[in-house]
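Asker: Below is the structure I would like to discuss, written out as structure tokens.
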Amino acid sequence: MVKNTNLINISTYKNDVIYFEKEMHEILNNFAKYFKINKQIILDVSIVSSYTSRKLNFEYRQKDKTTDILSFGYDDFDLYDKMPFLNLGELVICNNKIKKQAIIFNHSIKREFLYLFTHGLVHLYGYDHQSEKEKKEMDFIVDSIFNPLKITRND
């Protein structure tokens, strides 16, 4: 596996947005190891406002509400088989929704953000949770990638 060459491009809608870049890279490395990806991974992450999240959720999913994370994958994995890198796509994370959910679920913001980041990565790789069977499989994969970081509710 190509270590520490994975690239995460992060854009934020304001300067004081909190994100956890070191841990995001650790999770991306765990993701590559789990799926046996032996090339550089490129990922775009946009941290957005509630307004932008709601607007994108309506435009792309016809759901008129703010959501915690949206994933827009580059699904042409056949193309990336021929490339020296894998461009996974873009995760759009709603900063305010993460903060609210952290309170609701009694998690730290760090844990909520990074768990949803991991969840989004797995979506980008083609997994979904439309059925109970899919949900169990996806939860298992997310936990396998996330849990080695040992991030607790209080971190």
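The count begins at 1 with the first shown residue.
Heads up, the Cβ atoms here are built off N, Cα and C, so glycines get one too.
Feature table excerpt (Swiss-Prot):
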{"type": "BINDING", "residues": "HIS119, HIS123, HIS129", "note": "Zn(2+) binding site"}
Asker: In sequence order, which same-chain residues at least six apart have a C-beta under 8 angstroms from HIS119 (Zn(2+) binding site)?
Answerer: ILE69, MET138, VAL142
Asker: Cβ within 8 Å of the Zn(2+) site centroid (HIS119, HIS123, HIS129 excluded): which residues?
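Answerer: Residues close to the Zn(2+) site, other than HIS119, HIS123, HIS129: SER71, GLY120, VAL122, TYR127, ASP128, MET138, VAL142.
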Asker: Taking the Cβ of HIS123 (Zn(2+) binding site) as centre, how many other Cβ atoms lie within 10 Å?
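Answerer: Taking every protein chain into account, the count is 21.
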Asker: Applying a 10 Å Cβ distance cut-off over all chains shown, what neighbour count does HIS129 (Zn(2+) binding site) have?
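Answerer: Other Cβ atoms found within 10 Å: 16.
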Asker: Under a three-state reduction of DSSP output, how is HIS123 (Zn(2+) binding site) classified: helix, strand, or coil?
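Answerer: For HIS123 (Zn(2+) binding site) - judged by DSSP and reduced to three states - the answer is helix.
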